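Here's the structure we're looking at; comments come further down.
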Amino acid sequence: MAPIAAGRQQFDEIPTVVGIFSAFGLVFSVSLFAWICCQRKSSKSNKTPPYKFVHVLKGVDIYPENLNSKKKFGADDKSEAKNKSVMPKNSLHLDLEKRDLNGNFPKTTPKIQSSPDPENLSPKHFAERKKDSVSPDSLKSITSLSSEDKQDKLGTLFFSLEYNFEKKAFVVNIKEARGLPAMDEQSMTSDPYIKMTILPEKKHKVKTRVLRKTLDPAFDETFTFYGIPYSQIQDLTLHFVILSFDRFSRDDVIGEVLIPLAGIELSEGRLLMDREIIKRNVRKSSGRGELLISLCYQSTTNTLTVVVLKARHLPKSDVSGLSDPYVKVNLYHAKKRISKKKTHVKKCTPNAVFNELFVFDIPCEGLDDISIEFLVLDSDRGSRNEVIGRLTLGSLAEGTGGEHWKEICEYPRRQIAKWHMLCDG
């Protein structure tokens, strides 16, 4: 019985020993955890501010994934001393010990430098200061002068002239044009092509192909005119008209070049030439014919009645000898076409009788901003219809066109008819 009692006593002592060891282990773990927390607090107080804060203040242009804090911000004292010695006077310096509890720095009023040190200034700095010293008034004057020059200049035409004595042919090569103005305001480009006529007879008329969306078109097209004796070259004049193609309305005229061949010697071979493109001068020509127009303005209904009556003395066409004329009538409001009409074609006649009436609704009161354009064209199925002559009636029109317009404004509800000379198309 005695050994059994001793064994039971040993089993009763084991739980007490385990409890004592577990208590000591718990106390040790709690103290270790408290010591670790204290170490973390002390290490946090010595660390630099968060990355975003330093990024904003110092302007570091890198992302956190590529940033090594030890290399970038945790530098040794030696490297800091080197940076301080190399750092210029005007560079940004942050004292991290002066920040408050939220990590912000107290506001300080910057010192205004009266004059920078010329020894420390780079040439780039001088260039920037020169740019800043330019006054806005001088910039405005410079830009206005450049815009005026651009408006006056219409470009340059390059071409060559040659006479082939063996074939008795006059050869014209249209090479290129440079610096043309943009006729399309949306794309700021043009679709240029060139019409050339040999004056004064106007028998020879040619044109180049249309080059899309360019202000420096390179045509390089050669035109050969046979049957022109060399003795007559001195009496001729070359007329170049530079245009911009418009699919939806009449082609825009960019300008023209006139080359009198008097005094130009072509016996020595090809002659290269270039001329400035000038603004087209609308000239009246008795050879274009006349047009009889009747107008009546109804002020009560605000309508304009236009009657195309007759045309006479129209010029003959080159091939058939007689033209097939018809008339296009375009109504403009503030230089914008708002309506168009056209007559029937009259076959093979220089004196056409139309007698066709058109009524236009006027979108505004009065006729101050209204004008009418008459285009007499020669109908041709094989090619594009050629303009025989042009007539414009309106308050700004010159000659009989302005007089006719003034009369219908002074005498409304009265039909007034007049003959008008056609201008070159």
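Quick reminder: no glycine exception, Cβ is built from N, Cα and C everywhere.
Keep in mind that TrEMBL annotations are predicted by a computer and have not been checked by a curator.
Per TrEMBL, compositional bias 'Basic and acidic residues' is recorded for 73-83, 92-101, 125-134. Annotation comment: TrEMBL describes 105-117 as compositional bias 'Polar residues'. Taken from TrEMBL, the feature domain 'C2' applies to 153-274, 287-420. Residues or ranges marked as region 'Disordered' by TrEMBL: 73-142. Under the heading transmembrane segment, TrEMBL lists 17-38.
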Worksheet item: What are the DSSP helix/strand/coil residue counts across the domain 'C2' (153-274)?
Response: 6 helix, 62 strand, 54 coil
Item to complete: Give me the mean pLDDT over the domain 'C2' (153-274), rounded to a whole number.
Response: 90
Worksheet item: With DSSP, how much of the domain 'C2' (287-420) is helix, how much strand and how much coil, in residues?
Response: 13 helix, 67 strand, 54 coil
